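Worksheet: one structure, shown below.
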Amino acid sequence: MNKTSLSRLPKIDLLLSADELQEVISSYGRTLVKQAAQTEIDHRRQLLLSGVEGVEVGSASFILPIKERCQKAQAPHLRGVINGTGVVLHTNLGRAQLAPVIQNQLTEIAFGYSNLEYDLAKGSRGSRYQHLERDLLKLTGAEAALVVNNNAAAVLLALQTFIQGKEIIISRGELVEIGGSFRIPDIIALSGGIIREVGTTNKTHLRDYEQAINENTGAILKVHTSNYKVIGFTETVSMEELAKLGAAHEIPVMNDLGSGLLVDLTSLGFPYEPTVMSCVQAGCDIITFSGDKLLGGPQAGIIVGKKEYIERMKTNQLTRALRVDKMTLSALELTIKEYLKPESLMKTIPTLRLLSLSPEALESKAFDLVQTLEACELPLEIGVEAGFSQVGGGSYPGVKLATKLVSCKSSQLSAEKLEQALRAFQRPVIVRIKEDQVQLDVRTIAEAEMPLIGAAFAACLRA
């Protein structure tokens, strides 16, 4: 340990008075700069105490590290990334991208006052749900609608409103778990309801539901198993049959639809999935679904159905705790309005556009990305191969979307090291790894992001 070097470490006040730090203080504030300076002094003191040689102690050597610490402290932790995984609704990467056409309106709402709960026609207090309920009803054919902060909240609110202290009938094959260990049995218990399981894992008949109904039945729940499939010797009860059964016994029938499909995608080669409209037409009383999955909007839990049931949910005290803010409402309203223009829907909603990309479009994107990377003149072996994308978000399990993958092999870094470096870039690039290559699925990469990908590879391989 060099005691002389320790004694030469600058005093904090002297360091903060340095001319070179005044601009930094002006940008970041004295408090943050002081914290950064103290951290840097402590760091170097520990190095000296550990016997590390060559530790600089002059005041001038502290300026840049202090500035970098301030920059890092102020940089947002939640930031944009480039999705090269090909998973369109990647839950960890934020699921659905919002439609670009809503950006200006969303900015206006975010940075100014709005008529969130103000009725402009009457000049008095209004409802925050009035802004999108009309369009939701027009689109789905339901009698009423309500929006909360996600589909788990929507399910919880529906259950807590109607089955507290009562039984809810559900097929054993639909007691599902989704991401984050969210389990239907747990949410039923949290709502104060009692599970009445019927049928078996692979087969449930209408008579199973009918025989389970008693004086303490609060509701019948059907859960769409969108994140897995049971195939083979199976049977389920249709929504039409359950709706008729519920109506005959004056019991509400709920459907947790999950992904929230508002347009039939079978024409694009996807297997049939029930749409929200088909559930409404089948007579379902309460339908819940997500806003940020196949719908392609912001995170939200959307509830549509019969007016008598939705109105009861609106007056539940839990609704206020689960309500959405002005930005979510604005983004969702504008997304729903795009669905009222079906002719342009596949172009304006990014999720639907990415799911419907043609082989020619994917080939073109792969060519452009290869051109971008080759122009960087890096020590990379670059190639294109066929592969598959995933829908993600617990939607369309097992569906593989044919795509193009740009593969990159470095002579300097292993695939694992290159992946880590790309992930650490200023605009992180999230990729796949296959054997000794990193791969980028062009389906989820925008043309405007390709120069950034080139810059990321250059930074990683020229460092």
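Glycine is no exception: its Cβ is also placed from the backbone N, Cα and C atoms.
Taken from TrEMBL as is:
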type: DOMAIN; residues: 6-45; note: domain 'L-seryl-tRNA selenium transferase N-terminal'
type: MOD_RES; residues: LYS293; note: N6-(pyridoxal phosphate)lysine
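Summarised as a single figure, the pLDDT of the domain 'L-seryl-tRNA selenium transferase N-terminal' (6-45) averages 94. Note: the residue listed as 'N6-(pyridoxal phosphate)lysine' has non-local neighbours LEU89, ARG95, ALA96, GLY258, SER259, GLY260, THR351, GLY393, GLY394, SER395, i.e. same-chain residues 6+ apart with C-beta under 8 A of its own C-beta. Here the domain 'L-seryl-tRNA selenium transferase N-terminal' (6-45) is broken down by DSSP into helix, strand and coil counts: 33 helix, 0 strand, 7 coil.
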